[in-house]
Amino acid sequence: LRVAMQFVGILLSLLGWVLSIITTYLPHWKNLNLDLNDMENWTMGLWQACVIQAEVGMQCKDFESFLGLPAELRVSRVLMFLSNGLGLLGLLVSGFGLDCLRIGETQRDVKKRLLILGGILFWTAGVTALVPVSWVAHVTVQEFWDERIPEIVPRWEFGEALFIGWFAGFSLLLGGCLLNWAACGTQAPLASGRYAVAEMQTQTTNNLKSFKHSVLAKPHAKPLQSTISTTMTWSFLNRGGL
């Protein structure tokens, strides 16, 4: 169950990270349909505005000034870049904490911490992806129902990138939750193969060293071999050997 939860969590997080990158560069955050000309549609993203015509196809133009953009688009650029970076970092960190990865198998505490850190990074990436998408959607709704704008003026509507961004954010959140649940709510499996044998040998060696130090620490303690011989002799006498 633990390995299955980790696998599902890392897959959801990977899916959310890929979709957040697509959302960042997709020029379909807003759509504008002209009632006067059904053959022409406008779209807007974080980096460019495009016009789609039936005869010509799609033609896009990049925004020339960053400061000239609305506040929601400027902040959305920064937050989406942050989400993409945190998602990539979460994939790298949580990847080394997976139980199916044999690297560092004997260091279960370290792998657990890496898995928890990866889940937290995915949470943060999901939040930083949901905030700009929801903000742009909120501004779009406000402008759509603004009574100060004449009814004849076309209104911007939700684009496909907003829905992809919402799905990406929730996938990152759910993936991070599953990874943290797998790290904290389930028991880690024992090390397998040569790692388990090496761990048992190390533990046995440490126990023998501790026993040796405890025997040598007593000034009047008898040697270990003499003690064992005396014990065996008394056991033989009690059984009627002599």
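Positions of Cβ are set from backbone N, Cα and C atoms, glycine also.
Summarising the annotation, TrEMBL assigns transmembrane segment to 7-26 (among others). Within the same chain, residues 45-47, 80-81, 83-84, 87-88, 90-91, 94-95, 98, 100, 118-119, 122, 125-126, 129, 133, 160-161, 164-165, 167-179, 181-182 sit at least 6 positions outside the transmembrane segment (7-26) and bring their C-beta atoms closer than 8 Å to a C-beta of that stretch.
Per TrEMBL, the feature transmembrane segment maps to 78-102 (among others). Same-chain residues lying 6+ beyond the ends of the transmembrane segment (78-102) with a Cβ under 8 Å from its Cβ atoms: 2-3, 6-7, 9-10, 13-14, 16-17, 20-21, 23-24, 46, 110-119, 121-122, 124-126, 128-129, 131-132, 169, 172, 176, 179, 183, 188-189, 195.
Look at TrEMBL and you will find 114-141 (among others) tagged as transmembrane segment.
According to TrEMBL, the transmembrane segment annotation covers 161-184 (among others).
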For the transmembrane segment (114-141), sequence-distant contacts whose Cβ falls under 8 Å of one of its Cβ atoms, 6 or more beyond its ends: 6, 9, 13, 16-17, 20, 23, 29-30, 70, 72-73, 75-76, 79-80, 82-84, 86-87, 89-91, 93-98, 156-158, 161-162, 165-166, 168-173, 175-180, 182-184
